[in-house]
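Novice: Features from Swiss-Prot:
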- GLY151, VAL152, SER153, ARG154, THR155, SER156, LYS157, THR158: ADP binding site (BINDING)
Amino acid sequence: MEKSVIIYVISDAIGETAQHIIRAVTAQFSLNKPADIRRHAFIRDEKALLETLEEAKAADGIVVQTLVQSPLAEYATDFCAQNNIPNIDLLHTLTAAVEAKTGLKSKQDPGNMRRLDSNYFDRIAAIEFAVKYDDCKDPRGLIDADIVLVGVSRTSKTPLSSFLANQNWKVANVPLVPEIPIPDELFQIPNERIIGLTTTPEKLAQIRKVRLKSIGLDESSSYSSEKRILEELEYGYDTFKKLGCQVIHVEDKAIEETAALITEIITSYH
């Protein structure tokens, strides 16, 4: 019988760095049950740390730590070694290497990544921009966008806009519908800022049927019919050609993967 995988994330900040890495690793295994990731954030003293480590020991878990402060990191490492708890320190090997290379000492400030600096406020502004100009609510926003995503319905325009906004990109998106004229503003911006999104008819039909079902509508609606989908995709390709923009196939790609392709294309022009 397969043993459950319980992973304790122990961090003196949010702990999301460790979570991303753990998900990347566990995705490589065909587990019967998803790994049980238990995140303990903002651990800033030995008492809270010991309580979490004792819990990990009782659960026969794996400890993944991102403790910036050396005393806490060393305490966790020693405890795990003494109690035969698998322990991965994601920060200190790299921290030591950077210190050795630069001659500088780490600030050991767990909140340093989350300072309310200009980068933070730029990200908030980008998120607000993505919300304001989602689904081409106001075509004037296309002029000021860093990236404009164009595609038929259900090609991940909105989630990609949100994801890229969290990386400080100002993103607007335009739905392509054969019956609705393309906004003039789309032809007034450099085509290297425009990314066309498309997919296969089969994948689009599948996604649209799921969407219709989720909102209680008939899955056999024209919205998910083969004829309508082929018409829309053809219209999409014609539009991409007119715009002279790069095109990405989004089928079977995670949002993160598509976003990485988009940023690679956009930055290649600068």
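These residue numbers are counts, starting from 1, taken along the chain as shown.
Backbone N, Cα and C atoms are what each Cβ position is placed from, and that goes for glycine too.
Since the structure is predicted, the reported quantities are computational estimates derived from the model, not experimental observations.
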Novice: Starting from the ADP site formed by GLY151, VAL152, SER153, ARG154, THR155, SER156, LYS157, THR158, give every other residue of that chain whose CB sits within 8 Å of the mean position of their CB atoms, in sequence order.
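Specialist: Counting only non-site residues, the set is ASN173, PRO175, LEU197, VAL250.
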Novice: What three-state class does DSSP give GLY151 (ADP binding site)?
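Specialist: Assignment for GLY151 (ADP binding site) reads strand.
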Novice: Of SER153, SER156, THR158, which of the binding-site residues has the most Cβ neighbours inside 10 Å?
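Specialist: Going through SER153, SER156, THR158 one by one, the largest Cβ count within 10 Å is at SER156.
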Novice: Validating a neighbour-count step here. Other CB atoms within 10 A of the CB of THR155 (ADP binding site): how many?
Specialist: 28
Novice: Counting across all protein chains shown, how many other Cβ atoms sit within 10 Å of the Cβ of VAL152 (ADP binding site)?
Specialist: 25
